[in-house]
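Asker: Supplied in structure tokens, the structure appears directly below.
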Amino acid sequence: MNLDDDTDDGTALLSVKLLRLFDLLYSTNSVTRVAEQLGQSQPTVSNWLGRLRRQLGDELFVRTAAGMQATPRAEELIVPAREALASLRRLAAPAQAFDPSSATRRFRICMTDASHITLLPQLLAHVRAVAPGVRLEAARIDEQSAQALQSGQADLAIGLVPWLESGFYQQVLYPQDWVCLVNARHPRIGGKGFSLRDYKAEAHVGIVGGTGVQLLEAALLRQRVARRILLELPGFLGLAAIVSTTDLIATVPRHIGETLARTGELKVFDCPVPVPPFTVKQHWHARYHQDPANRWLRGLCEDLFAKRAAKPTPKRNRVP
């Protein structure tokens, strides 16, 4: 099939200008009026009409006392021609805006269990207020998250996700440093502060899951600080109940530590061991960068959580 509309061998696709000419001439019965509406000279429109006739193998419009009248072939073609124009207009139209107030859809967000505590309650409350028909689903962050984002099975991934660095867009939401959670009624740690000697002397709860924990373990190893761990947990759920009822210490990212301490049963101290900070980011696939619904969700997360950092411009990571 020839895509060149200047070819008159019957194999060329009709150009948009010829489709518009056909539609307007059928409506107006006047080459002069068509030329005015298209902003072209009458000879140019007459030339286009000649090309249209050759491509379709029919006169299409015949001059009469009442103007240019359609032939039976033109009558047969006018409906599919207008349908083709309508389809082209839909293709060229901007994407429909996402209206959260009337939307009925699900957003799936890959996140850690820490985000279930620190981010999800606030996000859910806001979504319920502005988008009552929207459902949220929290999914685990794992090695399958990249494929889920690419395929559209997931909309966002939020957290420290180094394996999503290449080929995905990312935006920093907030920085994280490290704190220690202590029972507010701890028998040995009170108003005097929390020192490195205290850190080494006390027993600890260890969190064994999550990429952020690897930063902590590496820092402790570099500085030759050994913790006496009496309990290991796979994540942060249940941590507050453990620390608030024992004398165990937990080293956690600041955001989750401050969130858990709001109960009043826990105290937060800066971690006496220098541990590198990290940033919590939201990640999404390039396929959905311009998707109105995905953009709304990303903007909502930015507005809710990017409070501790200047709002950065999203950037796309290079594929190595």
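From the backbone N, Cα and C atoms, a Cβ is placed for every residue, glycine too.
The domain 'HTH lysR-type' annotation in TrEMBL covers 14-71.
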Asker: Run through the domain 'HTH lysR-type' (14-71) and tell me, per DSSP, how many residues are helix, strand and coil.
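Answerer: Summed over the domain 'HTH lysR-type' (14-71), the classes give 36 helix, 8 strand, 14 coil.
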Asker: Restricting to the domain 'HTH lysR-type' (14-71), what is the model's mean pLDDT?
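Answerer: In the predicted model, the domain 'HTH lysR-type' (14-71) has a mean pLDDT of 94.
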